[in-house]
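Swiss-Prot has this to say about the protein:
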{"type": "COMPBIAS", "residues": "10-27", "note": "compositional bias 'Basic and acidic residues'"}
{"type": "COMPBIAS", "residues": "74-84", "note": "compositional bias 'Basic and acidic residues'"}
{"type": "COMPBIAS", "residues": "538-551", "note": "compositional bias 'Basic and acidic residues'"}
{"type": "COMPBIAS", "residues": "684-697", "note": "compositional bias 'Basic and acidic residues'"}
{"type": "COMPBIAS", "residues": "782-793", "note": "compositional bias 'Basic and acidic residues'"}
{"type": "COMPBIAS", "residues": "798-815", "note": "compositional bias 'Polar residues'"}
{"type": "COMPBIAS", "residues": "825-844", "note": "compositional bias 'Acidic residues'"}
{"type": "COMPBIAS", "residues": "884-893", "note": "compositional bias 'Pro residues'"}
{"type": "COMPBIAS", "residues": "901-914", "note": "compositional bias 'Basic and acidic residues'"}
{"type": "COMPBIAS", "residues": "935-948", "note": "compositional bias 'Pro residues'"}
{"type": "COMPBIAS", "residues": "953-971", "note": "compositional bias 'Acidic residues'"}
{"type": "COMPBIAS", "residues": "983-1002", "note": "compositional bias 'Polar residues'"}
{"type": "DOMAIN", "residues": "146-201", "note": "domain 'AWS'"}
{"type": "DOMAIN", "residues": "203-320", "note": "domain 'SET'"}
{"type": "DOMAIN", "residues": "327-343", "note": "domain 'Post-SET'"}
{"type": "DOMAIN", "residues": "604-635", "note": "domain 'WW'"}
{"type": "REGION", "residues": "1-118", "note": "region 'Disordered'"}
{"type": "REGION", "residues": "527-604", "note": "region 'Disordered'"}
{"type": "REGION", "residues": "630-650", "note": "region 'Disordered'"}
{"type": "REGION", "residues": "665-697", "note": "region 'Disordered'"}
{"type": "REGION", "residues": "782-1011", "note": "region 'Disordered'"}
Amino acid sequence: MAGHDDEEARIETVKDAVTDMKLERQSSTESVAPNGILDTITPKDEPNGHLSSKPSTPSLKPPKSRSRSSNSLAKDEVPEEKVGGDITIKQEPGQPPKLARSASQKLPPRAAPLFTDLPDKTTEATSTFQLMEVCTYANKYLGYTEHAMDCDCAEEWDAATCRNTACGEDSDCINRATKMECFGDCGCGDSCQNQRFQRREYAKVSVIKTEKKGYGLRADCDLRPNEFIFEYIGEVINEPQFRRRMIQYDEEGIKHFYFMSLNKGEFVDATKKGNLGRFCNHSCNPNCYVDKWVVGEKLRMGIFAERYIKAGEELVFNYNVDRYGADPQPCYCGEPNCTGFIGGKTQTERATKLSHATIEALGIDDPDGWDTAVARRPRKKKAGEDDEEYVDSLQPKSLDENGVTKVMAALMQCKEKWIAVKLLGRIQRCEDERVRHRVVRMHGYQILNSQLNTWKDDFNVVLQILDILDKFPRLTRNKIIDSKIEGTVSPLQECDDERVAEKAKALLEIWSALEVGYRIPRMKRDPAAVNNTPTANHYERRETAKDDRKPNSSKSRSRSRSRSRSVDVTRNAPRGPAALTRGGGKGHMHSYRPGQRPFRRPFNPLPKGWFAAESNGRTYYYSATGETTWSRPTAPAVQPPPPPKRESKEKTLQDIIDGIMNAKENTPKAKDKSATPATPADAKIPEKKEHKEKWRSYSEEKQKKLYENTLFPHVKYIVDKFKHKLPKDDLKRYAKEVAKKLVNSDFKNNRVEDPTKISDKQVKQVKKYCKEYFDKAVAKHRAYEEKKAERKSKGSVKATTSATIDKAETTSTKAPPQFDGAAETGDEDSDVQLSDAEYEDGQEESSHHSGLKRKRTDDEDFENDHENGGVSPTKRQRSASLPIIPPPPPPMSPSNLVLDDGSREALKRQRTEGAEDDEYGDSTISSGKRQRSETPPPPPPPPPPADIPPENIESENENDKDQEELQDYDVQEANWGKEDNIAIQSPSHSPFPAQSISNHSNTARETDSHS
């Protein structure tokens, strides 16, 4: 007890000696920490003057003995005062008091005080500001950082706790090691342990009222080291706004502000809006630290436990502040190593202070050695001097595997060039291949890609990064592609610095030679369909009964973790099969309800293409082609031919339209059937009275379009006559040109009374003009072909001129010269001169001998179509293309139960004939659908093997065959006169009815006339 009393007396003496000292005021300019990591915070709104600052990592531990310093200042130069026991205070003019470096013993640690007796002031404290759950950003670019990367962890579900233990504190999660939260579709699954910021997994804390420090934060439960306590939330602002608010709050009488430095030039202001994290006080011996984490695309700040914290302890961290102004703020932490003031020196006079994590990443052996080495320099730091000069004399230790995590985490958040250079230098000097593999695994390519984009204007830093990339172990291109670093290195090939250009070019050549390793693609999860409740599934992994009987066993607990979600332990899994093995009997089977059993292949299945059906209790077998048999087949069935490829809807519709137009034009007039059929007059469709004059409300452009559509059938009538004389593309172009000329001329001369119809006289004039137009085009085309043939004949010595011309006319594929209708008939704006003379079709047909035969054949076909039911041209073409199928052979002998090859072929032809008859009678699609179905409908069973005598069956089959041949012969004889251009194999082999044969022959004649 006496020793304890002496210790308390000693601490009180130190506290009194520190607080009674007077420091000379010194003026200093306001500035921001140049390194962007040290945080500037101003005091809190309580008389304690405690600051709310933002250190970026764990605060410093209690300093070790500094008696090892060999360059300590002489004692006679600096006055010292012994305030109690072995503790000595050193005082310098104008400087805050500090412990003497000559102390030979470490300060004795003290037990952390508990504040369990203080009442909860959370409600009272939250009334002084606006409570927020997330940070607000002045603009969307504030707090932005590189997107979080995917980790390599897999799901690990613990059945006992029903939690996903992946990415935990003790795991080797890459994201957790580099201070990134798993975000989106990481492979670790839903609700992993590395989503604390997103799920707001705050510790149980409460606000208390302290004696001297005002409001403080108290832990209501025990906390483990590195446990997440609270996120520091407020308004994220930029530096100009920060400076304006400093002045604004001072004018409003707010003496204590809550600013935390989030990034270089970015601050979190929790003065008026924030959460309970703003009440965490300062201490020179803290139990918490502040760290920055990447969450999605934002950088966020959280408070974490630095050591084991008991319930009732006050949560404090080292503000590590750079003071703005000359007035030092007193510190009331009461720790043995307390310097008495928060921040100490002003911004321009301070010594270099870095976060604990940054010091470890730089390779400094002892965090205290950093401050000691800086303080022992023979001169003070000058205003505006870079911190880099203070660390040049320090030799960092070599990088090992354990230090890679700290280096990559610090490099990920580094915004200061001199710190980035030091960290990159540690990686560059490393020669251990295992360490380099570790760097690559810790998102090495992604982090170096970010640094390369940040410092691409500094060629020295770029060379340093390229040298590190060149030393990386390379097996595949996967990580290089995922990091997208090739897009950053590629522009460096055009760099002004030759060293950078050569290095970048060589690196890209090496990368391009690597192969891409195949990886199983990760399943993309739908964020909206996330369900955190484990559900029972018949195929999921179940826990064994042994694990259920030993819930407290560590061995069974370790086995209960699996890669996938396990069955909910609160539900009773079916135990039917297990009950039978234990002698449960039928009683246990009553509650066993298995799920749907998997499909099992039937025993001794039929060969491919065969199916079974029943008839009168007997089983027979059939194939898709119609082959049937009573005996079980042993060989695969002959597969039916694939269904014909269906035409597209657009082509089918166009064929229907063309068929209607051809039938309309080929319709002869009733008054002169004997004469050569003239061009059909325009079909007058009766319209409703109210729609008769609707076209008058249209614009002139729309009326022209309507009139052009009216002329189109008559222009097409002439175009069809020239389709074998001109190339298709030229024919279409000329048709459009002549239609435009006719429309413009008629509208210019006011010859259009109604754009929806034209008179018979106009029809003849239009056709005459179109014929003259295309005759000139044909003449031009032939002249062009002749000239081309002459040029070919000159180049060929052996070929004759006549042979060259014939060959050019038949095999030429070049486009003919552009036919300028305006050059022959006048300008486009000039009127089209239409004569009143009637256009005689006989003149045209006399000049084209083959056209007369085709026209007469078309008229006959049209009449036959109307007499026989109006079969469209499309159907006629389909009929012509189908092969003629011979009739089926007589049925097989019932005495032969096993079909031979001839019988099978006969049944196949018989079945195919039935399908063709259905197709021509109904639709061409039905048979295709039957062929595509998996199991076709069973055909009628084959004749019974023994019920009917064979003699009767053979006689009936012969009579049926004779009758079918007689009917087919009658049909063939009735249409014999029309089939002059196509040969039919045999009357008895024709499966087509009379109508189909007639259409078939007409189509053949039409094809022959065209040729």
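Keep in mind that glycine also has a Cβ here, set from the backbone N, Cα and C atoms.
Summarised as a single figure, the pLDDT of the domain 'Post-SET' (327-343) averages 76. Sorting the domain 'Post-SET' (327-343) by DSSP state (H, G, I as helix; E, B as strand; all else coil) yields 0 helix, 4 strand, 13 coil. Taken through DSSP, the region 'Disordered' (630-650) splits into 2 helix, 0 strand, 19 coil. Secondary structure of the domain 'AWS' (146-201) per DSSP (helix as H, G, I; strand as E, B; remaining residues coil): 8 helix, 5 strand, 43 coil. Under DSSP, residues within the compositional bias 'Basic and acidic residues' (782-793) fall into helix, strand and coil as 12 helix, 0 strand, 0 coil.
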